[in-house]
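**Student:** What TrEMBL records for this protein is below:
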type: TRANSMEM; residues: A:12-34; note: transmembrane segment
type: TRANSMEM; residues: A:75-96; note: transmembrane segment
type: TRANSMEM; residues: A:117-144; note: transmembrane segment
type: TRANSMEM; residues: A:156-181; note: transmembrane segment
type: TRANSMEM; residues: A:188-206; note: transmembrane segment
type: TRANSMEM; residues: A:238-258; note: transmembrane segment
Amino acid sequence: MNIMIREMKANLKSLLIWSIGVLAMVIAGMGKYAGMKGTGQTMNELMAEMPKSLQAIMGTSGFDLATALGFYGLLYLYLIVMASIHAVMLGANIIAKEERDKTAEFLLVKPVSRAKVISMKLLTALIHIVLFNLVTLLSSIIMVERFAEAETVTDGLLLLMSGMFILQLIFLLLGSVVAAVYRKSKKASVISTGIMLVLFILSILINMTEKIEMLKYITPFKYFEAATILNNGKLEPVFLFLSVFLILAFTTLTYRFYQKKDLNL
Amino acid sequence: MNMYLHELKAYRKSTIIWTLSLIAIVVLFMSLFPAFSRDAEDFMKVLEGFPEEVKKAIGLSFDTLATILGYFSYAFLYIKLCGAIQAMNLGLSIFSKESRDKTAEFLFTKPVTRTQVMTAKLLACFTSLILTNLAFILAVLGTVSMVKTEEYSGKALLMISGSLLFLQLIFLGLGVFLAVLLPKVKSVIAVSLGTVFAFFMIGMISSSTDDEALRFFTPFNYVNDYYIIEHLRFETSFLLVGAVIIILSVLTSFLVYRKKDIHSV
């Protein structure tokens, strides 16, 4: 319990900064919508004919920008990127910082098993990403609700945010795996964010051509896309299954490797 | 001179990795251009069936976007993202590492002034960025001429890819400034990634809503690629703002650094 309280405090500042960031993002983004309203309605028919790569380059990709929720779909991509950065760095940091700050000896001579240390740390991280998600969800509901005309937005937003939460979990655990496996604690967050950036760029490349469509299973950024979620009204089962698999695998790996890790002090 | 060479060597590996990643992004994106240009041609035929007003509404921006330069500008967005992270990381890391790695005492007891230290470090950053940019521009010229389907303006291409250096210098300045201002930077990537993505997202909002005023707040939009393609010149007001940011951040960093209280334990 002490470990949890300690970690809650240690990461509170960064959570606050990120929450303010995401809040500003939602408010500024939806604020922009007020000014955009009404334009682009005539384009919808034409957009439907447009090949995927062209839509990507024109920056519309299948959203009905005339509705508040459609505009929010555009924003969603950036929200999940923010959430993923926060999660991956949190996961890598919370594990690696003991070695980086030379406090590993202090912590691990305490009468707690390594498994318990990781459990406590991961639980704290979980609470943090839940809080991040709630801030996003609430601010989104309030802002989108304000601009929505006779459309129900809460269901869609809840779906989108549950997708974001799964992504956060995947990246949090990705970060912790890297920190548990990699010997040099200083590089853990660099490497895990590097992996995240590569996956992000890959997801953009996939938008450009149908030829590498198969790669969409590799990058979590393609798992939950606003356009598909909003159109189908549910998260895609294939990707849900894949995510659960990834989450379980990463958790096991984190425990496995950290318990046997030769700490670098 | 010793300090300059030492820093160059210390950042050699990271410069090489960043340069190779930038080149990889260019090659990956440009290798998808042939498929994209076929898509664009098909869409042109569809477009002919639409009424004149619709064609006019979409036509102008589409004509610029569907060319190889337009496509490159799209890819360049993500190159800028990576380049900005590289520059900010470099500036932030090089000026915070002495107190992080506890080497401050070693360095500052040498018979050199703080100004000399700072100049050497800044020059090393500058050299590393110049080398990255040279390799990057060569890669761009090579790949673009390989995949081109029609003639394009070489000058515009050079201007666009050359603007990467401008963006990187701004973020280098910001990184240096933050490193000097903050008492201690524990995790470089956390700060730099957060800052760069914040500006990147402001940039995305500004360009997807065509907000001119917002452009001033994000270095990502100081150089408008489509403006260059059409007019073959930069927008002076934005160049000035960028230059002012670079000069101001470097100058204030010098002033602060000379008197900074550096913690060595």
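A Cβ is built for glycine as well, from the same backbone N, Cα and C atoms used for every other residue.
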**Student:** Against the transmembrane segment (A:238-258), which of these stretches has the most C-beta pairs under 8 Å: A:75-96, A:117-144, A:188-206?
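**Tutor:** Highest pair count goes to A:117-144.
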**Student:** So are the transmembrane segment (A:117-144) and the transmembrane segment (A:12-34) touching or not, going by 3+ C-beta pairs under 8 A with a sequence gap of 6 or more?
**Tutor:** yes
**Student:** Short question: most Cβ pairs under 8 Å with the transmembrane segment (A:75-96), which of A:12-34, A:156-181, A:188-206?
**Tutor:** A:156-181
**Student:** At a C-beta cut-off of under 8 Å, are there same-chain residues at least 6 beyond the transmembrane segment (A:156-181) that contact it? List them, or none.
**Tutor:** 69, 72-73, 76, 79-80, 83-84, 86-96, 118, 121-122, 125-126, 129-130, 132-133, 136-137, 140-141, 144, 188-189, 191-192, 195-196, 220-221, 223-224, 226, 229-230, 233-235, 240, 243, 246-247, 250-251, 253-254, 256-258, 261
**Student:** In the same chain, who gets a Cβ under 8 Å from the transmembrane segment (A:12-34) while lying at least 6 residues past its ends?
**Tutor:** 68, 71-72, 75, 78-79, 82-83, 86, 89-90, 128, 131-132, 135-136, 139-140, 143-144, 146-147
